[in-house]
Amino acid sequence: MSSAQEPLISASERIDAEDDEHRDEGRLESNKSAPAAPSWFIWLLTLSAGLSGLLFGYDTGVISSTLVSLGSSLSNRPLDSLDKSLITASTSLFALLVSPFSSVFADSLGRKRVILVADVLFILGAGVQAACSTVWVMVVGRSIVGMAVGAASFVVPLYIAELAPAQHRGRLVTMNVIFITLGQVVAYIVGYGLGEYGHPDTAWRWMVGLGGLPAVVQLFMMMVMPETPRWLVMVGRGLEARGVVEKVAGGKVTAREVDATVKGIEIEVREEQDARRLRRRRGQGGDGKAGWVEGFDELFNIRRNKRALAIACLLQGLQQLCGFNSLMYFSATIFEMLGFPIPTLTSLVVAVTNFAFTLVALIIIDRIGRRRILLWSIPWMVFGLLLAAFGFFLSGATDTDAPGSPIVILISIMIYVAGYAIGLGNVPWMQSELFALNVRSLGSGIATATNWGANFVIGLTFLMLMDFLGPSLTFTLYALICVGGYGLIWKFYPETAGLSLEDAATLLEDDSWGVR
Ligand SMILES: O[C@H]1[C@H](O)[C@@H](O)[C@H](O)[C@@H](O)[C@H]1O
């Protein structure tokens, strides 16, 4: 291009061309082969954020042993079924109520502050439960913990996803699920140990009170951790964002690469702000509305956002409706029914298998991809559920239990849990990569609420289904739900592994709802 032609290019065109160049660099960055390992800083922040997962797992897992240890300690009477249901369900109910609102706070206060608030709630909830002496105060304590779990379960994956480089994102988000499943293993072990060897009057107070400990540790660790660069850019603190990107890379990138990454985020933020301004000018919503109402508008009126939300809710709903948590909460009851001598110990199999195969997922998720790992693992879940249904059918078909059927059921449950842990147990938590930045936290919040809503339904209905349909049909029903979910995933969920958050969101702009 001759110098005479240069003035013909407007300043904004030049900026656009520059943006394209930076965007390409950013994409190149995110798609080029992975550096050897995440920096120590990435591991540290995942560890500190992952403590929320540990708390989430502990607090959801500990309730089964707590319920059987309470005796007449609350309100001076043995608990009836309503008490037990209220104590159990209040946690998921409050997690459900809080998760969509935590997204509003995550945008206004920042991701990190929401994690800190959740910690305070975890500590408070643990204290109230450990000190309570009536059913109602216990329900209040469980509800406070539910609020903490709801906020943490939404914001921690978001925090990690926004800080992790694309090549490691899947693995690092899976780390959070590892902490959840580890928390459940710990809760089962603590519950079993204190239940068997602790003082009968105080064992349950320790079980619930211990949940506050990791929250104290996390509170102190998170205080020195940074905000995410994406949130910093969003609130106009680009310089700080640059510092965080540099820190996350651990000195393994050049200044130019850091610039390209920050620029990529800035471009996305600016494009979204421009699009919003344009819609306002055309009178397509937004005028005079509060930020979060506008967020709802954008989420439900723009195709790619709608599609992202539908996929995220589908995956989160399926994660719960496939019935896994009915095992988490009631496996001891099932194994007791099957005549295992120490059911709480046998039920540890569920928690340990879940944990072990989540570790396998950690190793293979970024290599295999989210869509593919789901399509490979769900058939194993269906197989495990149908085999368990067959085992239950055999054990119920004869007056004397069919010899071996409890073992068949135990093995089939392990197959089911392994299939779950490899795919559905963790892929839905990668939800934030589906959403564009301006609706990311709101969309993730609603998807997380779907998770808790379905969790609540499963927790509430499992024992009723076992009574009305019997175990064989209940497990067949879960198998059918998995088959339906498989079809929907096959049709609607595109692969997002290895893409930058910006590219993953762009993928959903496709005109059709299908998978290209
Ligand atoms: O990802 C987690 C994990 O799979 C847990 O084991 C399960 O209890 C939770 O509901 C789920 O969200």
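Cβ from N, Cα, C; glycine included.
Because TrEMBL annotations are produced automatically, they should be read as predictions rather than curated entries.
Since the structure is predicted, the reported quantities are computational estimates derived from the model, not experimental observations.
Listed ranges 1-32, 65-96; the one TrEMBL annotates as region 'Disordered' is 1-32. Taking every listed stretch (114-138, 173-194, 342-364, 407-429) in turn, the largest tally of C-beta pairs under 8 A with the transmembrane segment (308-330) is reached by 407-429.
On the 0 to 100 pLDDT scale, the domain 'Major facilitator superfamily (MFS) profile' (45-497) averages 87 in the predicted structure. The transmembrane segment (342-364) makes contact with the transmembrane segment (173-194): 3 or more of their CB pairs lie within 8 A, with pairs spaced 6 or more apart in sequence.
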